[in-house]
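Asker: The structure's right below; bear with me while I get my questions together.
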Amino acid sequence: MTSQHSDIVVIGAGPAGLHAAFYAAWRGLRVRVLEARSELGGQLSALYPDKRVYDVPGLPGARGAEVVAHLRRQLDGLDVDVRINTVARTLTSDGTGWKIGTDREVFTAGAVILAAGLGALLSRAPRIPGADSHPDVRTDLPDFEELSGRRVLIVGGVPQAARAALRLMEAGARVTLTHSRAGFRGDPGSLAQLEEARTAGRLEVLAPARLIALTPQGAELEVEGERRDLQVETVLSLGGYLPDLSPIQSWPLDWHGEYVPDGPGGSTVLEGVYVAGDLAGSGGDFKLISVGLAQAAVAANHAAHHVRPELKIRPGHSSDRRPPGGADEP
Ligand SMILES: Cc1cc2nc3c(=O)[nH]c(=O)nc-3n(C[C@H](O)[C@H](O)[C@H](O)COP(=O)(O)OP(=O)(O)OC[C@H]3O[C@@H](n4cnc5c(N)ncnc54)[C@H](O)[C@@H]3O)c2cc1C
């Protein structure tokens, strides 16, 4: 999809947004998903990719990242354009549908599905002395290939830090990973690979270590009581994410605190704007993946009917249909 227009824009690529995108595209609509982060999966990939989840239907005990991978795979072959690193900031009516403004572009759509969860999961700003002096300090996962051949210092003990170290190493970067504590968080597979790579000398791990300051050329650290000066071209400070609803909280949605009230079919007070997942008021205390998936299915099918009235609201059974663009299972 190259045009700025799609049938539906979904805001947020957490479980609710990904499932809403699936359902709307499955109904034959062109869907665009806007996601503030550089990864899909919402809270599951930002906050607990390594934890096991026991109450997602059909995936007992899957890790957060695995649940996301399954939701992502369900979009294969469908007309879904996912824009990462894209924060939705404005929503205005264009007479027949909606205009959604981001920092770089304006998209239009016949309907909008809000699946923004707790808010845009934005990276915490690095609190490292001298951070302003280094020319390339980043706070979110990079394009790994772009950093091939570069010397990269990764700071942090969150699961993203261990995974980024491995991905960058594989992409050909020279990686040092440092953390104030000895241990790193992450799924057991990634942590085993990290240890293997460290033992083989394919990347350097300095932990526990004290990051004294960043300098224009790199970083000063204290490791086992000794001072180390590192020359690095890129610093990746991965300190977790904080949810921020402020980009959308000025939108006239009859907000109830951090919730958007949802009426029948996931409708909101704005015609053609629907809500699903943690953001939807009806979920209340049930901030759960399974609840968000159900709300997403309902909202997406109502949104599909809104955009194309000739489509029934009721989707019928997927088991009676061939996957769009795909072949039947033997
Ligand atoms: C530690 C932890 C453990 C959990 N364990 C479980 C569990 O075991 N079982 C269970 O069912 N639930 C669990 N949950 C809750 C579950 O993760 C949430 O219910 C679920 O993620 C909500 O999905 P969502 O799609 O509504 O929102 P989110 O997952 O929050 O995704 C919303 C997405 O929208 C993006 N976004 C927000 N605003 C914008 C914007 N303006 N522009 C662009 N993008 C935007 C965000 O960056 C985010 O990626 C857990 C939560 C936490 C924190």
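Here the Cβ of each residue, glycine as well, is placed from N, Cα and C on the backbone.
Keep in mind that TrEMBL annotations are predicted by a computer and have not been checked by a curator.
Quick caveat, the model's predicted, so the values are computed rather than measured.
Copied straight from TrEMBL:
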BINDING   GLU35, GLN43, TYR48, ALA88, LEU121, ASP278, SER319  FAD binding site
COMPBIAS  308-323  compositional bias 'Basic and acidic residues'
DOMAIN    7-301  domain 'FAD/NAD(P)-binding'
REGION    308-330  region 'Disordered'
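For each listed feature, how buried is it and what is near it?
Answerer: For the recorded site, ALA88 (FAD binding site), the DSSP three-state label reads coil.
Each residue in the compositional bias 'Basic and acidic residues' (308-323) gets a DSSP state, and the totals come to 3 helix, 0 strand, 13 coil.
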Asker: Summarise the model confidence on the domain 'FAD/NAD(P)-binding' (7-301) as a single mean pLDDT, whole number.
Answerer: 95
